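K.L.:
What follows is a structure written as structure tokens; I'll ask about it next.
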Amino acid sequence: MIDQRLVRDNPEVIAQQLKRRGKSIDLTGLQLIARQQRGLEEERSTLQADGNRVGKEVGLKIKGGADPNGEEVAALRQQGNAIKQKVAVFEEEEKALSSQLRDQLLSLPNLPSPLCPDGKSEDDNVEVRRWGTPRIEEGLEEHWQIAQRLNLFDTERSVRIAQSRFVTLMGQGARLERALINFMLDLHTSKGYREVMPPVLVNTASLTGSGQLPKFAEESFRCADDDLWLTPTAEVPVTSLHRDEIIPADQLPLRYSAYSPCFRREAGSYGRDTRGLIRLHQFNKVELYWFVHPDQSEEAHQQITADAEAVLQALDLPYRVLDLCTGDLGFSAQRTYDLEVWLPGAGAFREISSCSVCGDFQARRSAIRTKDGKQTKLVHTLNGSGLAVGRTMAALLETGQQPDGSILLPKPLVPYVGFERLQPE
């Protein structure tokens with residue numbers, strides 16, 4: 001959430017930065033609410049000080065021998081009660097304005113970093129680097145074709161069980177998925193991440209704190225009878241691990257690695273990636289998440305991206321890194337690096353991880369602070385996929401194709417999965 005002080009005192013700065021995102025927003029009304037709320041807060045504070053002064057005066061009068069039931073003390077008490085009533089009215093008005101202000105602030109996206117390249121769409125993203133040599137051959141199968149041939153997952157029965165855009169992993173496919181999850185978690189924990197396995201049902205406050213609500217309500221699955229939602233990413237519950245907390249500065253950075261199933265309605269994606277593992281309502285992902293001191297966030301962004309890249313490098317999967325332009329940034333992000341893995345069968349790079357620095361945007365929504373000496377300030381948060389498991393499997397299937405139809409797996413994965421190749425069962 002954007003700092004309301006910036007809305008009150010420098011709305012033109014917000015307007016300029018949102019314009020970089022391609023959004024023209026008139027903040028005049030929001031600034032007026034912020035100033036009214038601040039004015040009420042100051043008036044209430046003044047009244048409370050007057051009330052405290054009157055209360056002390058009553059005590060001094062009685063201590064000095066005045067009759068507690070006399071007219072002089074009664075007049076002071078009457079004055080104090082009148083002040084209390086005014087304070088209560090101001091508190092209600094201030095509460096209403098604060099709620100109105102927060103609701104509007106929650107709908108505004110994060111302000112892009114000065115380092116973020118300007119642009120309107122994904123066409124303006126900047127390629128930063130590449131790793132590995134993409135395999136380019138004629139006649140290679142796409143991952144869903146390989147999966148059908150090797151009976152790695154079943155989509156038709158999944159429609160019967162649920163609906164379209166679900167898969168049931170079978171046999172070697174299920175085993176490979178489990179192996180990838182364990183491989184990723186082991187790799188990250190070996191680098192100092194603390195593994196967590198959070199709830200996959202989260203409340204509205206958690207989704208709001210991480211930035212999914214109110215904007216992405218239509219993208220999410222919600223329980224009918226409870227204030228619970230199926231989490232779209234482990235970023236949501238991990239953000240709320242420290243909601244409403246003050247983290248001692250000497251404990252930062254906190255680095256978590258979390259596996260979870262993820263659930264997304266994928267509204268607006270009708271007709272896209274209808275076959276295979278690329279775009280599903282339910283998928284597995286290993287998430288990386290950092291809580292850092294504000295001075296460390298840029299360095300941390302480079303490191304969390306490198307940690308996601310390490311998975312692709314360990315599996316020998318060629319990829320490229322894109323610095324997303326302002327017009328393609330996610331709602332909560334200040335700056336984002338996308339990792340796109342090469343899919344030889346499809347002949348294209350596809351996103352497999354987004355690594356974002358969010359500044360204090362999520363921390364302000366979730367009231368996550370740190371204390372360094374006497375000073376309390378908001379932490380900065382970062383998140384990244386490390387990695388999306390289904391898309392990693394898709395890349396492995398297409399990259400490991402052999403002339404005999406088998407799929408050769410990377411050597412580091414063999415101890416986890418128990419075999420070197422995927423073959424017809």
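The backbone N, Cα and C atoms fix where each Cβ goes, glycine too.
So Swiss-Prot has the following annotated:
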BINDING   T233, A234, E235, E287, S385  L-serine binding site
BINDING   R264, R265, E266, E351, I352, S353, S354  ATP binding site
K.L.:
What are the other residues, in sequence order, whose C-beta lies within 8 angstroms of the center of the C-beta atoms of T233, A234, E235, E287, S385 at the L-serine site?
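P.N.:
Here the non-site neighbours turn out to be V236, V238, A258, S260, C262, K285, V286, L288, Y289, N383, G384.
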K.L.:
Here the binding-site residues are T233, S385; which one has the lowest number of other Cβ atoms no more than 10 Å from its Cβ?
P.N.:
T233
K.L.:
Looking only at S353, S354, which of these binding-site residues has the biggest number of Cβ atoms within 10 Å around its Cβ?
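P.N.:
The largest 10 Å Cβ neighbour count belongs to S353.
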K.L.:
Identify, in sequence order, the residues in the chain of E235 (L-serine binding site) that are 6 or more apart from it along the sequence and have a CB within less than 8 Å of its CB; answer 'none' if there are none.
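P.N.:
Same-chain residues close to E235 (L-serine binding site) (Cβ under 8 Å, separated by 6 or more) are S210, E287, Y289, N383.
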K.L.:
Are there binding-site residues among R264, R265, E266, E351, I352, S353 that sit within 10 Å of T233 (L-serine binding site), Cα to Cα? If so, list them; otherwise say none.
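P.N.:
Checking each Cα against T233 (L-serine binding site), the hits are R264.
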K.L.:
Would you find the one among the binding-site residues R264, R265 whose Cβ has the most company, meaning other Cβ atoms within 10 Å?
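P.N.:
The residue with the most neighbouring Cβ atoms within 10 Å is R264.
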K.L.:
How many Å separate the two farthest-apart Cα atoms among the L-serine-binding residues T233, A234, E235, E287, S385?
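P.N.:
Across T233, A234, E235, E287, S385, the two farthest Cα atoms sit 9 Å apart.
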K.L.:
Cα of R265 (ATP binding site) to Cα of S385 (L-serine binding site): how many Å, rounded?
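P.N.:
A Cα-Cα distance of 19 Å.
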K.L.:
How big is the gap, in Å, between the Cα of S354 (ATP binding site) and that of A234 (L-serine binding site), rounded to a whole number?
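P.N.:
Cα-Cα distance, S354 (ATP binding site) to A234 (L-serine binding site): 13 Å.
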